Amino acid sequence: MKMSLPIDCVLDAKAQIGEGAIWCSQQQVLYWVDISAGVLHCFDPAKNTNKSWDMGEALGCFALTNRASLVLALTSGFYEFFPDTEHKLLLSGPDVASINQRFNDGSVDLIGRFYAGTMRTNGDHVNDPSGTMYSLSSELEVNAVMSGFHIINGMAFSPNGDTAYVSDSFAAVQTIWAYDYDLDDGVWSNKRVFLDTKELDGRPDGAAIDADGCYWMAGISGWELVRITPEGKVDMKIEFPVEKPTRIAFGGSNMDTLYVTSLGEDITEGTHQPNAGGLFALKVPGVTGIELPRMNFSAN
């Protein structure tokens, strides 16, 4: 049975593919993206304002860094972006546009490695699961970590950093996997099914980890948010006001607000969801989040 909680649309953004939400505790703002529009947003809840930067190409995901910047996963490569000056600097490849892909989801481990995964932008997802997870090190070295995904999603790390998660949103897969994670070497091993989500209403999309180590899944196409314990058991489902929530981020001064992005396109005909594509906020009694790590650039 799903819980019903007060959920506010804090920004009626009408995003095409709202995604990638990350809270910045230093600025007390929420960064998020509209993937296909190629726009980075910054929502300030105290001022109720939203600033935007058009990157000119699909922006799949990003991370905060250990300096006043963000690292962006654009179709032409990894870039560093400085919001204060609007300066954008190419760091490294890959140019995934050349192979008909774009980035879709990402995360950062506890020592500052950035991971970003791709998906096809055209063609047959069934017969060509060519989505690949890449890592970007502090020395700006790019490596392909694993491949074989249809729609890579849900990347996250446990609070102590020794378990890594990733999912595939594709309808025929709908699975979240867990891995043992070696922080020193960045090695993913011992792959196992964390949760087969086919019995849920929604498919696994973007994710967040709370202070208890539970995995929060945005249930796209299912009007729901789902919490999964570290043991892989569903222990909470929350009704969501739009069909396609896409990413969850904990934020606020006490890290007790859940911000949720959503999809504004491909909405089921005949359903009433005027705020689809909006940014939402809610609180769940007794639940708080943890601050996400930042991409760690080496001093040079």
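Backbone N, Cα and C atoms are what each Cβ position is placed from, and that goes for glycine too.
For ASP205, the entry in TrEMBL reads active site, proton donor/acceptor. Around the Cβ of ASP205 (active site, proton donor/acceptor), the same chain contributes ASN153, GLY154, SER167, SER169, MET217, ALA218, GLY219, ILE220, PRO245, THR246, ARG247, each under 8 angstroms and 6 or more positions distant in sequence.
TrEMBL lists GLU19, ASN153, ASP205 with the feature divalent metal cation binding site. DSSP assigns GLU19 (divalent metal cation binding site) to a strand. For GLU19 (divalent metal cation binding site), the Cβ neighbour count at a 10 Å cut-off comes to 26, with all displayed protein chains included.
The substrate binding site annotation in TrEMBL covers ARG102, ASN104. Shown in sequence order, ILE35, ALA58, GLY60, THR75, VAL96, THR118, MET119, THR121 are the residues of the chain, 6+ apart in sequence, with a C-beta less than 8 angstroms from the C-beta of ARG102 (substrate binding site).
TrEMBL lists 17-263 with the feature domain 'SMP-30/Gluconolactonase/LRE-like region'.
Counting in whole angstrom, ASN104 (substrate binding site) lies 9 from GLU19 (divalent metal cation binding site) by their C-alpha atoms. DSSP gives ASN153 (divalent metal cation binding site) a strand state.
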